[in-house]
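Chemist: Pulled these from Swiss-Prot:
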- 43-118: DNA-binding region (DNA_BIND)
- Cys46, Cys49, Cys63, Cys66: Zn(2+) 1 binding site (BINDING)
- 46-66: zinc finger (ZN_FING)
- Cys82, Cys88, Cys98, Cys101: Zn(2+) 2 binding site (BINDING)
- 82-101: zinc finger (ZN_FING)
- 112-127: region 'C-terminal extension (CTE)' (REGION)
- 128-147: motif 'FTZ-F1 box' (MOTIF)
- 182-211: region 'Disordered' (REGION)
- 186-199: compositional bias 'Basic residues' (COMPBIAS)
- Gly397, Ala398, Thr399, Leu400, Tyr492, Lys496: phospholipid derivative binding site (BINDING)
- 504-515: region 'AF-2' (REGION)
Amino acid sequence: MLPKVESEYLGLARSHGEQGHMPGNMQAPQFKMMDYSYDEDLDEMCPVCGDKVSGYHYGLLTCESCKGFFKRTVQNNKRYTCIENQSCQIDKTQRKRCPYCRFQKCLTVGMKLEAVRADRMRGGRNKFGPMYKRDRALKQQKKALIRANGLKLEAMTQVMQTVPADLTITSAIQNIHSASKGLPLSHHHHHHHHHHHHSSSSAGLPPADFDRSPFVTSPVSMAMPPHAGGLQGYQAYGHFQSRTIKSEYPDPYTSSPESLMGYPYVEAYAGGSPPSFPHLVVELLKCEPDEPQVQAKILAYLQQEQASRGKHEKLNTFGLMCKMADQTLFSIVEWARSSIFFRELKVDDQMKLLQNCWSELLILDHVFRQVMHAKEGSILLVTGQQVDYALIASQAGATLNNLLSHAQELVSKLRSLQLDQREFVCLKFLVLFSLDVKNLENFHLVESVQEQVNAALLDYVMCNYPQQTDKFGQLLLRLPEIRAISLQAEEYLYYKHLNGDVPCNNLLIEMLHAKRA
């Protein structure tokens, strides 16, 4: 039996035409990496037009057509004009329509003017030989990483042992309970790590809206057309060529999206090769919620929740923690609904993906908060409180202690890997778009998103952390660990639910029941 929250969501969506076009994106479970077609997607698609590449020409792999076009343009010193607005689409079918935009794209993706011979003889300039060798080596390294980590993840280790005998939780984080009586709490100030592209679906909602099911959407929003452009332009990773940025990257949380689009290629390359910034990563970052706003909303909800209860009906510490996790899950669902790719799925597929990975997204959200902002020896709650880890450990039972210990180990690993916000966002999408979810109507889209995000993450890591040669693989290997912790947390939560310790009207439990159905 599906929980009420799902039936309401599906019923309303069907009443507006089945298609689940609403803001949204999320994560996924056991991460089985397939042998993605990196040869085709990364090595054999011309970055200018998408045609099959024929070899290295003027600085990078391109097709014969773009090679010849670039050579003729440079040798004949041609000057083109664009009759549109200098943003024509260049692909295999219409690459000849606008030579101006085609040539600009050649420069943007990295074809080098200085590689064209002025004497019109055959063959390029020998000084690019070492660069080609390095490029080949990088591509071979990419393939090796993909295959190695694919094998490692296919042979996933057994999930951590769940639910030991001692399931007591003595007084679980007493200081949170006392602090909640007098909220405001000591807020943790979030610095420039947070961007300001507010999700339209979650921005400015009063706390009362958090009581509503996140799946119940107004007829107005359901009737709205899909996001402009939909999935067009995202089908192949080749469409997301790395942008050229002068010097350091602008931080996406303090810069407009436009500021990330880069500078004219030739000018930027004057001082050497700039790093690359996969455009897909920028698009994923735009979906991120504003964390201070989420924090304020959850705090307001908890205040309202406690204030509405009588003196002897106040939630105990564990009840408060459940409410906190419950509201965090609401915000995660809102994030998913407002995210690229996810909103293109029908409602049934959205529900299957969310039911599969909701606990992993909660764990990943918690872990990343610790990596970025928690003080040593403390746990940072979504409400902004720093809680002493030793105090929690001393008051928790064996199972909760085991969970916390595994989570802290994961935090330490990710800190040592220097996990950043861009990588975190990629991991969220890899979890949400799980290849393990069965009976999806649009499995092709899920598979495509996995491939694109994997490729974008790999490019980002290799360009920005070249000294950490195994970072990409190490990041992917954390996904099974997140999965294992989340399954253990689900078992623990279910046990507490059976004992009547979890507050009623809880989205956590509804999702738990839906997953077990």
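From the backbone N, Cα and C atoms, a Cβ is placed for every residue, glycine too.
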Chemist: Between Cys66 (Zn(2+) 1 binding site) and Lys496 (phospholipid derivative binding site), how far is it from one CA atom to the other, in Å?
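Modeler: About 63 Å separates the two Cα atoms.
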Chemist: For Thr399 (phospholipid derivative binding site) and Cys88 (Zn(2+) 2 binding site), determine the Cα separation and express it in whole Å.
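Modeler: Counting only the Cα atoms, the answer is 59 Å.
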Chemist: Count the Cβ atoms, other than its own, that fall within 10 Å of the Cβ of Cys82 (Zn(2+) 2 binding site), considering every protein chain shown.
Modeler: 14
Chemist: Count up the helix, strand and coil residues in the zinc finger (82-101) according to DSSP, in that order.
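Modeler: The breakdown for the zinc finger (82-101) reads 3 helix, 0 strand, 17 coil.
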Chemist: Which one is closest to Cys88 (Zn(2+) 2 binding site) in space, judged by CA to CA distance, out of the binding-site residues Cys46, Gly397, Ala398, Leu400, Lys496?
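Modeler: For Cys88 (Zn(2+) 2 binding site), the closest Cα among Cys46, Gly397, Ala398, Leu400, Lys496 is found at Cys46.
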Chemist: Name the one residue among Cys82, Cys98, Lys496 whose Cα is closest in three-dimensional space to that of Cys63 (Zn(2+) 1 binding site); these are the binding-site residues.
Modeler: Cys98
Chemist: Could you state the whole-number distance in Å separating the C-alpha atoms of Cys98 (Zn(2+) 2 binding site) and Cys46 (Zn(2+) 1 binding site)?
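Modeler: So the alpha carbons of Cys98 (Zn(2+) 2 binding site) and Cys46 (Zn(2+) 1 binding site) sit roughly 17 Å from each other.
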Chemist: Counting only residues 6+ away in sequence within the same chain, which have a CB under 8 Å from the CB of Cys101 (Zn(2+) 2 binding site)?
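Modeler: The list for Cys101 (Zn(2+) 2 binding site) reads Cys82, Glu84, Gln86, Ser87, Cys88, Ile90, given in order along the sequence.
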Chemist: Ranking the binding-site residues Cys46, Cys49, Ala398, Leu400 by other Cβ atoms within 10 Å, which is at the bottom?
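Modeler: The binding-site residues Cys46, Cys49, Ala398, Leu400 were compared, and Ala398 has the fewest Cβ atoms within 10 Å.
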